[in-house]
Amino acid sequence: MAATAATTTSSHLLLSSSRHVASSSQPSILSPRSLFSNNGKRAPTGVRNHQYASGVRCMAVAADAAETKTAARKKSGYELQTLTGWLLRQEMKGEIDAELTIVMSSISLACKQIASLVQRAGISNLTGVQGAVNIQGEDQKKLDVISNEVFSNCLRSSGRTGIIASEEEDVPVAVEESYSGNYVVVFDPLDGSSNIDAAVSTGSIFGIYSPNDECIVDDSDDISALGSEEQRCIVNVCQPGNNLLAAGYCMYSSSVIFVLTLGKGVFSFTLDPMYGEFVLTQENIEIPKAGRIYSFNEGNYQMWDDKLKKYIDDLKDPGPTGKPYSARYIGSLVGDFHRTLLYGGIYGYPRDAKSKNGKLRLLYECAPMSFIVEQAGGKGSDGHSRVLDIQPTEIHQRVPLYIGSTEEVEKLEKYLA
């Protein structure tokens, strides 16, 4: 009985709507004629005919409500944004081109391979020294050599890299012509490798530039025999940090963290071991304006100049607050910088009596890290000037580095002035 009544009522409503539409001087909104005015011109887009039947109005309102509900759908807790997907979105927005997307993907692949090697170093007998010395005069660890090969091979196979410059190479290396591309990539394949044997945090650092000129140096060339053209090529590879298109680092620790900037904010991705993909975990990272943490190797204190000693002594003084700065030092630039980026404070590797120009390399350590910290709202300085403004004169040029929260770096600069 109730079903019959419902059917009758429904039929009655439909019949009433039909009669209303038929008697109206205006066409129904469901009719194609409703898209045009009386003189045959098309009505403006988005304008509705409000003189339609009440039954049609109910249908439209229901449709609008359904659309709103769909738009307000909550993001699934299982929805992951991978580094590859994120890069493709940046490409679609015009932030980067397809070439740079491929280069970045190649770098992320190299980082995954190195992460695996680091995690299995003790098992695979990859600890200890290689028995060779690099251009810096440093004993090469086994993983230094292997990581450099991994990075170089991934960049060569991308087909989008023209020149690569590494901490472990004497000179910039031109990628074979059949595989060469447009980008210059500088990198430290394994920063903090002295920590490998103790399973302490290490990392890889990279920066990407557009080329100023074509490099013709081959990896078989003897640097002492280079002519004027080759030397000019090296100078052209040495670009200031202001020219960086992208920079980042990958930290190999309790988790594998890939931090990246394309010049518009800093983003962090964590390697998911289940899927083997870097997953977006932090967006638009901002370093605190100040932080009561300093990260210096105080073993070199006696070799520092008096101004820097005074600065460090004052940090240790409790002062009116009764709370001195906390000292934190890992011995890995990537590890110490990552903590500073998240918690605030200052990291420093100054010049001293032994290292007149400091120890860190400008092109592939100081400049990329300074680019990242500035994108996060911090500051990178050599104690007197902005790191990104320094024009390198050689591939392995060293400079002092003070990097971190803006207020902390500016405070140090006043001491050193």
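For all residues, glycine too, the Cβ spot is worked out from N, Cα and C.
The Mg(2+) 2 site recorded in Swiss-Prot includes ASP188, LEU190, and the single candidate from GLU167, GLU168, GLU169 that the record places there is GLU167. The region 'Disordered' annotation in Swiss-Prot falls on one of the ranges 24-48, 299-323, namely 24-48. Per Swiss-Prot, the Mg(2+) 3 site holds ASP188, ASP191; the candidate it also names there, chosen from GLU79, GLU298, GLU365, is GLU365. Swiss-Prot names ASP191, GLY192, SER193, SER194, ASN297, TYR347, TYR349, LYS359 as substrate ligands; from the candidate set TYR183, TYR209, TYR329, the record adds TYR329 to that same site.
The binding-site residues shown are GLU167, SER193, TYR347; of these, the one with its CA atom nearest the CA of CYS238 (disulfide bond) is GLU167.
When the binding-site residues SER193, ASN297 are compared by the number of other CB atoms within 10 angstroms of each CB, ASN297 has the fewest. Residues within less than 8 Å, Cβ to Cβ, of LYS359 (substrate binding site) and separated from it by at least 6 positions along the same chain comprise TYR349, ARG398. Between the C-alpha atoms of GLU167 (Mg(2+) 1 binding site) and TYR347 (substrate binding site), the distance comes to 21 Å.
Counting only the Cα atoms, the space from ASP188 (Mg(2+) 2 binding site) to GLU365 (Mg(2+) 3 binding site) is about 7 angstrom.
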